């Protein structure tokens, strides 16, 4: 864990991190406590079939993962991270309160449906659905505000500290931030879900409201001690200038040797020569005539015709970065919605093992600091994800055969005698994938992109999750009608015993392995990372910090 002592500065530091992480953790407790059992709420209280409910949740998930990137862009360029998180807290709280009211207000759901009954016979009305979608939309917007900036805002509290020069401090913050967030989701998927099933929707949806109130209070109470960097649109303007300048100089012929060109670079910058990748953009920083292109103080006479090497490399970085039987005992049964918690538990365990056991042990054996490179982490994570789907396909094939052998294939809700604990190897592998890929991608984006884009960088991972939700919805829709024979069920039939979900999981596994091959090609084309094997370090980030950063903190 981070053990850095507090400095005498009245703002920022570890004490500020406690409130920021508490805000994020409580928000995840609340939102995942609602979303985990949401499919049951939609089918039992709104009369949706399983496919329609899944489609609704896919879109909700896609919005929740995509909106943070919009929030991050607005925070970095116009609003600022502190106001964006505050707005997100209020929007999330309002959405959760309104959703809770659907369990209380008569007529908000289909009246003929009893609590925790089988699927409703009546469909929800248009006003009922519109109100539901409004609640989900508010929660997505709120998540977009909070999750867009929490990680970067936490890093802001450490950004002025001398110890960032030592490798691993900020990397440890990223890892343990992920651990705490995952732990909060684990609790929500066990405790909160259990409350919903044991006490009903009114109490079950009321608990997340209370948690969100605590999350909001946690964030605003520490307002006086936060470091609050101002939003700066300079990076957006800088990118536009690079594009315009490179286009205006499109007729310049670049030599094969960098030493033959004179490049414009910022005073004191370590970057004096641009990289060879995306070479066309290098024209933007070529000095054709020093007397005409430069002012006496060394600045460009026309910023839209001559840019710095730093601006060119930052744009290049952005271009490259953008892509069963549930009983444990005879009397205790795990809620179905809580099984996802095993994934979080596995991911948390792997992160702790990597940071506190594997890396120290490897460093001791080799006699020097040893860490996996960021691209190695990501690749291992992708491969682990594909392998986990293969394991799930095997498990599902066995489960289906048992259901047929027991004569319950015509009963979709029947429970086989196969223990759900057989799913643990799947969650174990998927958790390993999350630990490597999730943390690795966040580190990669934060390291490779400029500091002025920290919020955007820390949310590029969510774009992939948003796209994945949309692709998942597309795949389910197409696979559902893939089998056209009249006497054969679809792979993803509503009757899981007559369908072939094992084929569907093999398809996902194949796509995962194909994605790994694609990643290897992209990784080779990308070239080396700025952080090399060290991951995120203060030295890496220092090269990306603007000279006037000290004037932009309030």
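Cβ atoms here come from the backbone N, Cα and C positions, even for glycine.
Per TrEMBL, the stretch carrying the note transmembrane segment among 207-227, 228-248 is 207-227. TrEMBL tags one of the stretches 19-37, 38-56, 57-75 as transmembrane segment, and that stretch is 57-75. Counting C-beta pairs under 8 angstroms (sequence separation of 6 or more), the transmembrane segment (57-75) fails to reach the transmembrane segment (176-195), with fewer than 3 such pairs. Remark: the transmembrane segment (87-110) contacts the transmembrane segment (207-227), by the rule of 3 or more CB pairs under 8 A. Tertiary proximity for the transmembrane segment (130-155) is limited to same-chain residues at least six positions away from its ends with a CB under 8 Å from its CB atoms, namely 16-17, 20-21, 23-24, 27, 31, 34, 46, 56, 60, 63-64, 66-72, 75, 81-82, 84-96, 98-99, 102, 108, 124, 170, 173-174, 177, 226, 442, 446, 454-455, 457-459, 462. When each of the listed stretches 176-195, 207-227, 378-395 is scored by C-beta pairs under 8 angstroms to the transmembrane segment (503-521), 378-395 comes out highest. Long-range contacts of the transmembrane segment (207-227) within its own chain (CB-CB distance under 8 A, at least 6 residues past either end) are made by residues 10-12, 15-16, 18-20, 22-27, 29-31, 33-34, 82, 85-86, 89-90, 92-93, 96-97, 100, 153, 156-157, 159-160, 188, 192, 195, 553. Beyond its flanks by at least six residues, the transmembrane segment (378-395) meets 372, 422-423, 425-426, 429-430, 432-438, 440-441, 444, 502-503, 505-506, 508-509, 511-513, 515-516, 519-520, 523 of its own chain at Cβ-Cβ distances under 8 Å.
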